[in-house]
Amino acid sequence: MADAQKIGMIGLGTMGSALALNLAEKGAHVVVQNRTEARVPEFISEAGALASNLEGAGDLADLVARLPEPRFIILMTPAGAATDAMIDDLKPLLSAGDTLIDAGNSDFHDTRRRTEQLEEAGFKFLGMGVSGGEEGARHGPSIMVGGTADAYAPVKGIIEAIAAKFEDAPCAAHLGPDGAGHFVKTVHNGIEYADMQMIAEVYGLLCDAGWDAPKIGTLFGEWGKCNLGSYLVEVTEAVLLATDPETGKPMVDVIMDKAGQKGTGRWTVIEALKLGQSATTIEAAVAARSWSAEPAVRAAGEAALDPAGLAKVEVSAEDLKEAFLAARILAYAQGFRVLQAASETYAWDLDMARVAEIWRAGCIIRSVLLDEISSAHRAGLPEGQLYLAEGLRQKVIAGLPALRRVVSGAALSGRPVPALASALSFIDTMRLGRGTTNLIQAQRDYFGAHGFERVDSDAKGLHGPWAGHGM
Ligand code: NDP
């Protein structure tokens with residue numbers, strides 16, 4: 001099959017516009033269409049020299065008619081019902097062998113269902129996770145593709161061309177069948193939630209210690225030059241140094257403490273639980289955003305529960321740096337554990353080193369750590385655990401005392417650090433050969449005759465001397 005040279009783009013919002021310009025710049029001829037038709041000529045008129053590689057279509061039928069068979073059409077529309085409706089409208093217009101590429105943030109279950117339905121109808125379908133925001137989409141995002149190898153082959157060249165590059169290697173990969181790409185993108189976003197939450201917790205502790213936003217921003221600027229270097233640390237520096245043009249105050253000081261979310265963090269947590277896993281740092285981050293939506297309730301709590309009686313936070317910037325590095329590694333480790341569980345459950349055979357490699361540039365969670373993480377995966381993880389890979393293990397060990405001081409200091413002063421605390425509890429659980437679930441299993445056996453195993457026997461389903469007490 002010929003490589004895709006002419007490609008359709010439906011949805012000229014933030015991401016679709018940027019991706020269309022990126023495609024045009026890399027030599028593709030892009031036929032663009034948008035629900036609000038007026039956006040099409042406006043977009044082309046703003047495209048400057050790239051306009052010669054762009055062609056506007058009035059409606060879906062017009063878009064389809066302008067593309068040669070087999071067609072390649074990218075959807076950049078809101079995930080969920082809008083994308084389903086778009087596919088339903090397109091299907092009667094397409095020919096067998098045409099390929100639809102959903103580049104939105106779709107739930108991977110939807111991608112699996114759509115793949116089955118479209119393949120049954122003779123079409124090809126790729127679920128393509130795109131990370132990097134508007135800037136990434138325009139100049140080089142990280143691209144996580146799911147679908148058949150056959151469907152990916154004709155678009156591989158152009159997808160790799162538009163992707164970010166890490167030392168000349170494209171940050172785009174075909175990761176597995178059907179929902180694999182969208183699942184990896186979902187977990188990417190889950191890790192993003194955790195990282196952002198940990199940064200916000202560090203910021204909160206520094207605020208309590210009397211630091212103002214520019215001073216904290218400058219500290220993040222310094223951290224960006226060491227092994228904490230990452231896009232999110234850069235973003236944090238930039239937003240903390242910004243001034244509100246209306247009041248002259250630091251911009252963050254006039255922004256409501258109320259964070260939005262579109263679902264990918266929550267999906268990561270839900271899927272982790274369904275897979276028998278747990279991603280507690282990500283869960284803490286999702287919970288923090290959810291609870292942030294209740295400012296009035298929190299204000300009532302502040303008045304009623306008197307947190308003012310607590311001592312001021314006493315943690316050093318150096319401790320925060322070490323603690324954040326250790327916790328960041330643990331958040332990545334949790335994300336990869338979820339990916340591993342999904343890979344086994346859905347038989348995706350995900351190449352974790354490849355996943356880490358394509359996250360090294362272009363995406364929101366890109367960080368200097370990811371090069372080390374991909375090398376650790378390539379070398380093979382001890383017991384399958386990222387935090388046991390030698391270099392990362394050493395960093396976690398080095399950071400743990402600081403993480404303990406930060407979490408305990410925060411607790412004593414009433415400052416919530418749910419993501420940092422959950423990272424600490426996670427690693428403390430995973431470094432205890434014998435924990436306390438022996439008691440839980442005894443309780444379960446007592447009231448439900450669930451049985452247990454003994455430390456000194458291979459026998460299963462044993463019961464304690466409390467037989468008959470069950471309810
Ligand atoms: P925007 O809101 O900027 O744009 C949405 C686009 O979809 C517009 O072109 C809009 O058309 C069109 N659209 C909306 N509803 C419908 C509908 N019911 N039927 C047909 N077209 C519709 O969104 P983004 O560009 O930010 O996001 C697009 C996709 O990319 C989403 O799935 C998002 O989750 C994902 N994404 C977004 C990222 C980001 O940083 N923004 C990052 C990575 C992925 P109209 O002009 O008529 O409103």
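Backbone N, Cα and C atoms are what each Cβ position is placed from, and that goes for glycine too.
Any TrEMBL annotation is an automated prediction that lacks curation.
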| message | Looking at the substrate binding annotation from TrEMBL, with S131, G132, G133, H188, N189, Y193, K262, R289, R444, H450 already listed, which candidate in N105, N438 is the matching residue? | response | N105
| Where does H450 (substrate binding site) sit by DSSP, helix, strand or coil? | coil
| note | Whole-number Å distance separating the Cα atoms of H450 (substrate binding site) and E192 (active site, proton donor) is 39
| task | Rank the recorded positions K185, H188, R289, H450 by the number of other Cβ atoms within 10 Å of each Cβ, and give the residue at the low end. | result | H450
| note | For the domain '6-phosphogluconate dehydrogenase C-terminal' (181-467), the averaged pLDDT of the predicted model is 96
| remark: The answer, for which of the binding-site residues G132, Y193 has its Cβ ringed by the most other Cβ atoms inside 10 Å, is Y193
| message | Distance check, please: Cα of E192 (active site, proton donor) against Cα of N105 (substrate binding site), rounded to an integer number of angstrom. | response | 14
| said: Please give the substrate site's span as the largest CA-CA distance among N105, S131, G132, G133, H188, N189, Y193, K262, R289, R444, H450, to the nearest whole angstrom. | reply: 49
